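Trainee: One structure follows; several queries about it will come next.
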Amino acid sequence: MAPPPGSKPENTFKRAQELIGVGQSSAALSLLHEHVVSKRTRSSPIAALEPVMLLFVELCVNLRKGKLAKDGLYQYKNTAQNTNVGTIELVFKKFISLAEAKVTEAQAKADEIQSTLEPSDAQNVDDLEASETPESILLSTVSGEQSRDRTDRAIVTPWLKFLWETYRTVLDIFKNNARLEIMYQTTAHQAFQFCSKYARKTEFRRLCELLRNHLQNAAKFSSQMHAINLSDPDTLQRHLDTRFQQLNVAVELELWQEAFRSVEDIHTLLNLSKRPAKNIMMANYFEKLTRIFLVSENYLFHAAAWSRYYNLLRQSAAAVASGQSLKKDNPSVTEADMTKAASYVLLSALSIPVISTSRSRGALVDVDEARKNKNSRLTNLLGMSQAPTRAILFKDALSKGLLSRAREEIRELYNILEVDFHPLSICKKISPILAKIGADEEMKKYVGPLQQVILTRLFQQLSQVYDSVQIQFVLDLAQFPDPFQVTTGVIEKFIMNGCKKGDLAIRVDHAAGILTFDSDVFSSAKAMHPGTSAGSAESDKSSVQRLQSTPAEIVRSQLTRLAKALYVTCQYVDPAFNEERIKAKEAALLRTAEGAEHEHQETLARRDIIHRKKEAASNALAAKEKEEATRKRIRAQQVLEAETNRLAEEQREREKKRLQAEQARVQRAEIEKQLDELKKGTKVDIDIPTDISELDSTRIRAMKLAALEKEKNILGEQLRIAGKRIDHLERAYRREEVKHLQKDYDEQKKRDEAAYEKAKAEELRESEQKHREDVALKHRLSRLVPVYQTFINDVREQRKTEFEKRRKAAEKELQAKMAARVKEVKETRAREKKAREEQERLEREAEEKERAEAEAAAAAEEERRQRMAEEKAKRDEQRKHLDAQAALQRQREEEAEAKLLAKKKGLAPERPISRDLPSDRAPPAIGSSGRPPLVLSGNKPSWREREAAKASSSQSPAPADSEAAAPPPARRPGAFVPPALRGGEDRSPAPPGAPGGGWRPREGSGRGREPRDESPAVGGRYESPAAGSRFAARGSLRDSGDRNRTQSPTIAGKFMPPALRGRQEGREAEEPREAPLPPPQASSDGKYRPGMFKRTQG
């Protein structure tokens, strides 16, 4: 029953109590739920709403309505979290306590029922043989359960399920809320106690996953309003306490995988925490890790965890003794605890198998990377800087004096396994120690791995002494105390595993009963596949007791031993060797002393950098705090906006309810209208309820369908009666008809025969008429047959003649193409040959040109030296002139001083005869031409003049006939010159033998292509000398082809190569013009030309 709109919490509370008083708890719960989840409740005072919520949760627990409770509690949390957090904790604690009380009550009730079903007093049983009734025997046989299990499942399990749902509901509501963080952690601890008390393993896994997801979401949605801050040390400490409780419960329930995940969670939180964890918590952490690693049979990290636990106990004892730490923050440590921890550290380290017992995958699967990652994770969980090994653990234990603290039998076991060498008595000496260890329930689990280590040491020491032994002899040596005896199969399996891992090299001869130790000098005891995880767990060979090296080790180490011997010999034989070493050492010390100051300066600079980084970090922190304040201010604004939106939403809700009421009124009027129409539209009576408010369109439609169905049934009954009457009438008709059937049959037969004869006569007449018409058509068409045959023969002859003509033309064209192809191949080979000869000639000319350039360079060097000598002479002459001027200046100064002196004394100075300097002291006069001419840009030599000067300096003297030749006329720079006039000096077409002519005359005269000394604008397209030597013939052919071309490159629709396009069809018999293609070996200018990629024939 929904509460009236706008009702107060006090009125709703009184109404609910009244309903409870009359036994309508479900109605009271519905009333309270509607009031709690109503939007109007948000504006109600918390003091008035709190009793309603307490009664609401009580009814939810009594009726086991977990979903309704979750909805109401979630709404109440949103309403009260901004004003009063204490009332939220009160209501939720009431909810949890009521659920726990119901579980306790159900448990007591189940115990009472079980005690009545199975009384403990034997005197109350009348018949001992009939103590089990037939009903109980049959039920236990069918169900396979005892009466206790059935009772718990019927009474206790529903309340356990409800209590579990209660914890989940509270955790889901309180997640990621800083104001309810303490209540959240308290509820999590209560849920852990619930799982531990009732051994609920499945629920514990779900609870751990739920808490893990809540933590991940808190880190992901840290910007939400009221979100928890994982950077806060107190918040992080509460999460750590919860995770440690989770770890304890996981170990108690023996859920080792979940315990390992809890350890990873703790490690993650420890890395996030800025506050160091308490020693008592870390001691619990390492102690749980030892149990987890022992269950997983990871003895190496199990021993490492014990080592870390022992170190923590030592540090705690020292911190408490010195007063640096409080006693409550450290585990209580006594001498017995230290002795026990030291014994476990040493025993766990001794139990690490030397030969790995893991299943090897050989070289098929590379698992090194996965194993490395796993070891890295486990190392990080232990807080170690590097992965532990057996040798490192022993070294650390010995350095901290664990042998003196450990128990006596553990010290003896260490000496036997790691110090002494006694292959024939190792098992005999260890047997009493194993008996003592086996007597201790906590140490008994180390006997199995210790046997593996003992067998490993046995075979390692036997291989140092014997080459082969009897199998029975080994079995006699490998004797252990009675509860821990090993069989022959176990020993043989151990040998095979050791050989497979590469730690042992043993051959088993079952026929002779002999074990042979491998002594091949070229064999390796570690012949394992690279990249596998198999092999020895003991990488330090020094831990294996040895009397002598094996032959294989001697062969492998002979070069090392030879190098050491030669090094010692050099020290004694060659004194200079030691002197060099001493000098090198002194030089290194000197370099160190010299670099000390530099390193000091670098250290100071690094300190400054660190200081600046710290300042930058502090500035970043201040900026972050400022940004956090800004975010808080934004959150306050968002809260205000949310409140405004809430009020607007309430206004919309009220408007929505008003519209709903109006719609209900209109709907009622519509229903009344439909009912009136239904009464008028049907002919049967309809049962309409008095309260039409419960009716809707569906029910009215159903009523209408029912009325129509009833009317249909009545009509069907009427039709059935009428049909029965018609059936009887038709039967009477059939009886009268039987009397006249034979007469009617005879009359019908006569009519059918007359119709058949008439149709037959008509068909014969139509067939004769059609035959006559077909014969006449045949005679008329037979006159056209000769003309048709003549036409067919003429067409066939014409097509045959045309076919023969085309065939002959095709054969002729094929022969012509074959001849052209042969000619083209021959021409191509000739061109390639000429190109190779041209290339060789160009290479010879290039060599001659390089030689000439070298001679010109030498002449230029000589000229430069002469010029430098002349400049030196000029500088000497100028220096002399400056000296003369200085002397003249000194003379003038002396004369001035003498004149001043004479004036002081009253004497007239002597006038020099002449002031003029001698002619040889006169400064050099300026030339007759006046000032030297200015070197302007217009007076600079052009690039043609510079090229001509370079060519004249590099070339040899021209012959007499070239000297007599007239100089070429001046040519305006940049003027255009036609291609036909670019080869000669007088801009006229060059004769065949003149320079710059075609390539044929130059090839015939033995000259190569002359270097080009004109501008690209004057001489046509510019080409470098290398490119010109390659494409000279090509350019000549192109020019001649372009000048002689009189038709299109395509002739008669056929493709014509570019080299043959200048020819005409009538000149095929003439000698073809040679146009050699460039050789494919020469450098290209990037343009494609036909034939340039053709393979050169040898």
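The backbone N, Cα and C atoms fix where each Cβ goes, and this holds for glycine too.
Below are the features listed in TrEMBL for this protein:
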- 626-681: coiled coil (COILED)
- 819-854: compositional bias 'Basic and acidic residues' (COMPBIAS)
- 861-883: compositional bias 'Basic and acidic residues' (COMPBIAS)
- 890-900: compositional bias 'Basic and acidic residues' (COMPBIAS)
- 950-965: compositional bias 'Low complexity' (COMPBIAS)
- 1000-1015: compositional bias 'Basic and acidic residues' (COMPBIAS)
- 1036-1045: compositional bias 'Basic and acidic residues' (COMPBIAS)
- 1062-1074: compositional bias 'Basic and acidic residues' (COMPBIAS)
- 338-522: domain 'PCI' (DOMAIN)
- 743-773: region 'Disordered' (REGION)
- 819-1098: region 'Disordered' (REGION)
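Each of the listed features needs to be described in terms of its position in the shown structure.
Mentor: Each residue in the compositional bias 'Basic and acidic residues' (861-883) gets a DSSP state, and the totals come to 23 helix, 0 strand, 0 coil.
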Trainee: Where DSSP helix means H, G or I and strand means E or B, what are the helix, strand and coil counts for the compositional bias 'Basic and acidic residues' (819-854)?
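Mentor: Each residue of the compositional bias 'Basic and acidic residues' (819-854) counted once, the result is 36 helix, 0 strand, 0 coil.
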Trainee: Please list the DSSP helix, strand and coil residue counts for the region 'Disordered' (743-773).
Mentor: 31 helix, 0 strand, 0 coil
Trainee: In the same chain, which residue numbers or ranges, 6 or more beyond the ends of the region 'Disordered' (743-773), come under 8 angstroms Cβ to Cβ?
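Mentor: Result: none.
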Trainee: Averaged over the whole of the domain 'PCI' (338-522), what is the pLDDT?
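Mentor: Mean model confidence (pLDDT) across the domain 'PCI' (338-522) is 79.
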